[in-house]
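Working notes, beginning with the structure itself.
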Amino acid sequence: MPLRLDIKKKLSTRSDRVKSVDIHPTEPWILASLYDGNVYIWNYETQNMVKSFEVSPNNPVRTARFIAKKQWIVTGSDDTYIRVYNYNTMEKIKSFEAHADYIRCIIVHPTLPYILSSSDDMFIKLWDYEKGWSNTQVFEGHSHYVMSIAWNPKDTNQFATASLDKTVKVWSINSPHPHFTLEGHEKGINSVEYFSGGEKPYLISGADDKLVKIWDYQSKTCVQTLEGHSNNVSVVCYHPELPLILSGSEDGTVKLWHSSTYRLERTLNYGMGFVWSMNFLRGSNFIGLGYDDGTVVLKIGKNKPPVSMDQGGKVIYAKHNEIRISNISSTLEQEVQDGEKLSLQSKDLGNCEVFPQSLQHNSNGRFVSVCGDGEFIIYTALAWRNKSFGNALEFVWAEDSGQYAVRESTSRIKIFKNFKETHSFKPSFSAEGIFGGSLLGVKSNDTLCFYSWDSADIIRRIEKTSPKNIFWSENGDYLAIVTDKSTFILRYYKDTVQKYIESGQPIGELGIENAFDVVHEIEDTIGTGLWVGDCFIYINRSSKLNYCVGTEVVTISHLEKHMYLLKYLPQSGRLYLSDKNLNIVSYKLHISVISYQTSILRGDLEGAERILPKIPQDQRNSIAHFLESQGYKEKALEVSTDLDHRFELAIQLENLDVAHEIALKSDSETKFKHLGDLALSIGEIKLAENCLKKAEDLPGLLLLYTSTGDIEGMKMLAKLSEEKGQTNISFICNLLLPNSLLNCLNTLCASGDYSEAAFMARTYLPSMVPDMVEKWKESLKSTSSKASDALSNPIDFPNLFPQYDLSIKAEKYFESLRSQPKSSFDYLKNATAQSLSKKQRNLLEEIESVSQQDYDKVLSQLQHFSLHSGISDITTTTTNTNNNTNNTNNNNTASLLDDLDFTSTTTTTTTTTNTNTTQKVASPLSSPSPIRKNDSIASPQKQQQQQQDINITAPPLIDPSPVDHDLVLEPTPIINTVSPTKTSPTADLSFLDNIPVDHDEEDEF
């Protein structure tokens, strides 16, 4: 039967005539040299051009090759020059005249720093690129153009050449003369290539006589001649993996011949003109073709190698028709790292009469099936004796070790048991593939049917699906149906099916409805897979080794290249994988972890607890993440050994004790910040404060202290934030603290915000307005003297600041009120309620109506409520007032300013200024000196002397009870100094007379 060929076109590009092609060994690139003098590099996966080189305009580039280890391309053209380029940087590395005529071919030595070039000058030359591209040997012997060269893969010191003198000559790099000559073609020979597989000493040639000849270079005879082309044969090669000979001709076709039977298997014609060049990538299934009209890349066959492993660790694989065996058990006592290539000894097991395209052990490992060339053969696994054979496009084993099925054609399926046919049936659709396992699966282009192995009855028909593969679990309870886009995990109810069959009910076209249930869909493209218990292990298109338990997918490893799963061996606890070159690696698979996860998914928590002690410590974190994903966060917190993960779980569970313990161990500001936020949200104020301090979360501390009214905390935060340079926090703290408004002005001035400082003083601290205005004026002089002169000081221009004297009185009034403890506010609140019951209060009117005598009286009586125990004494300043100013209304503002002398520090505002980037204040602003008409601001020395003259120490409180140290942090009312439009009535302040006063201390005032 014909060889099953899976041919896919990976690239097709249009261009000028392509004289040579070469495939990169590691990148998905093909190099094409053109008749127009250009060289292109194409990516055959993305279909895009990667690089373009203009090598020799108007001179054909007849040959080009990759030198991958140097990241070079080397070209030969009709101008007789060899040129070398770096294909990454596009830099020209070397250019030299190599021959006296057109350069026809260049090949690169697989290991040594050599290239060979041939030319129409009839010479072959050897070049050493590690020695400055020196010419180390010249080979002479042909009498016509030398068209092609090929290295012998079995002896890389030898090479063969083809010439238009109708001969093939075999050479050694150590001798300038040929060892022997092969003659037989009637016309010039265009191409020569060695057979790379097996032990056959063959080479192949194609010539202008339209023939392809196979030569035995040991006996120096022609073994076979292939006829079929209708024009000159331009190029020939052996497929690197499949038993194929490929030949390209000027008749526009590529013919595929079986290398053992020499039967023509397939003819390809892509309508792109003459075939000029062909190249293969050793170890792969990619073939590059160069045509008159462009470049084509084909993938012939599948990458999956013919290899199988039994439960004992014996690996049987095929190298062409040769069968070899290795034993994994020799490595079980060795310490092997995950992903490490295993060093295995192999031995010949025998040969196979067909070319193996698939190779499979049965369930007990006693027999091995080989399928290929449209036939199957069953061998004994140990002695490699033929047990059975027959025709088959595909072969699959059943779960029962003695049953198997073959697909003879698209219309005939046969089932065998103990090497005897038991059933033969014709599906109702075109059978495009079959799958083994607990049931026999048969697919068409859009349908999947499952059949009973014993009766061939349909069990279930699934429409609109055509899987790539099906993997059954060992107990037959689960299966994975792999499609192009996703994989479906199904549960098979064998007991339900068995009862239905035993009931004798007829089975319809769709089979038994309750035979399967969809458990989960894995949205991933899967290459190979296998089951270990109820765990499905697979490799996806991204070369990730994953396993799926229930609905949870876990990545075991990221593979460096695509690999294929072989088997899991319980005795070693490892998974074994193979690449396409039959290099075998392994990865540790912890069955205890999978068993634990399976128990959790089944709800068997007691069973999971029994398994937990068997799980290694280095796998506890993966278990914890699994438990978290399943909603068992408390259990995950117990199991996890990762501090970061445990902290996250403790935060989610609001377990403050565990979270605090972990935060202390790790000493992480981030952890303290998260813990502080959580503690604050659930009312653990003390813990929140400690965590926010350790995290240096100043905004969080500000929120905490303002919410709880912690004045000591506010003081600490004001100092800390200033040290840390977060002056916006410091500003807000001082804004809310009693007697700290001056610090706010200091902050604004330090940041250069003199205008804001002046306006803030005008609103909340009128006594500081002159000083702030002067600083503002001074700051403007360097930029705009005109703007500086336009600013007015309330001392120099009192007419521009009406009622300025009232704002100063209000400042003193509210300063006294703010200096009281909470207990005094409760008393005043009761007294005020009596007044409010009579009429509505108007605070502005009260302030304007206060006489100097009343003001002094209030001030003296409020001294008894000053905070001197644990906070600070209130230092008030006053001066002898004019005894004659007892009138209710102040008619002369100027005289009042002459008589008032004070210092102040108050709190309040809602204004905030971001001054994080400003410098710290070098020294705090001085309290203002007494303001007198037509006087300038007093010097600091004078201010200090005046303050010493008028400072009054607050007397002790009358009430011996402890003073409440917490202050009420309430924004101070804005002092509006705008003049009222009409005269305000005198305020009723008689309630102030009721404030108890210690008369023994009154004389001090």
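Glycine is no exception: its Cβ is also placed from the backbone N, Cα and C atoms.
Under the heading coiled coil, Swiss-Prot lists 829-853. Here the coiled coil (829-853) returns a mean pLDDT of 58 for the predicted model.
Per Swiss-Prot, the feature compositional bias 'Low complexity' maps to 908-918.
Feature annotation from Swiss-Prot assigns compositional bias 'Polar residues' to 919-929 (among others).
Sequence annotations record features per position, and here Swiss-Prot assigns compositional bias 'Polar residues' to 974-987 (among others).
As annotated by Swiss-Prot, region 'Disordered' applies to 908-948 (among others).
Under the heading region 'Disordered', Swiss-Prot lists 973-1005 (among others).
For 13-54, the entry in Swiss-Prot reads repeat 'WD 1'. DSSP places the residues of the repeat 'WD 1' (13-54) in helix, strand and coil in these numbers: 0 helix, 27 strand, 15 coil.
If you look at the repeat 'WD 2' (56-95), the same-chain residues 6 or more away from its ends with a CB under 8 A from one of its CBs are 19-20, 22-26, 29, 31-39, 41, 101-108, 115, 117, 119, 127, 129, 133. Taken from Swiss-Prot, the feature repeat 'WD 2' covers 56-95.
According to Swiss-Prot, the repeat 'WD 3' annotation covers 98-137.
Taken from Swiss-Prot, the feature repeat 'WD 4' applies to 141-181. According to DSSP, the repeat 'WD 4' (141-181) comprises 0 helix, 20 strand, 21 coil.
What Swiss-Prot lists as repeat 'WD 5' is 184-225.
Swiss-Prot lists 228-267 with the feature repeat 'WD 6'. Secondary structure of the repeat 'WD 6' (228-267) per DSSP, as helix, strand and coil residue counts: 0 helix, 21 strand, 19 coil.
What Swiss-Prot records for 349-389 is repeat 'WD 7'.
Sequence annotations record features per position, and here Swiss-Prot assigns repeat 'WD 8' to 391-426. Long-range contacts of the repeat 'WD 8' (391-426) within its own chain (CB-CB distance under 8 A, at least 6 residues past either end) are made by residues 1, 4, 358, 360-364, 366-367, 369, 371, 374-376, 378, 432-438, 440, 442, 451, 453, 455-456, 472, 476.
Counting same-chain residues at least six beyond the ends of the repeat 'WD 4' (141-181), those with a Cβ under 8 angstroms from any Cβ of the stretch are 102, 104-105, 107, 109-112, 114, 116, 118-120, 122-124, 126, 187-194, 196, 201, 203, 205, 207-208, 215, 217, 220, 282. Listed by sequence, the residues of this chain that lie at least six past the ends of the repeat 'WD 7' (349-389) yet keep a Cβ under 8 A from its Cβ atoms are 1-4, 242-243, 258, 260, 301-302, 306-312, 314, 316-318, 320-325, 395-402, 404, 406, 416, 419. For the repeat 'WD 8' (391-426), the DSSP-based tally of helix, strand and coil residues reads 0 helix, 25 strand, 11 coil. Helix, strand and coil content of the repeat 'WD 7' (349-389), in residues and according to DSSP, is 0 helix, 23 strand, 18 coil.
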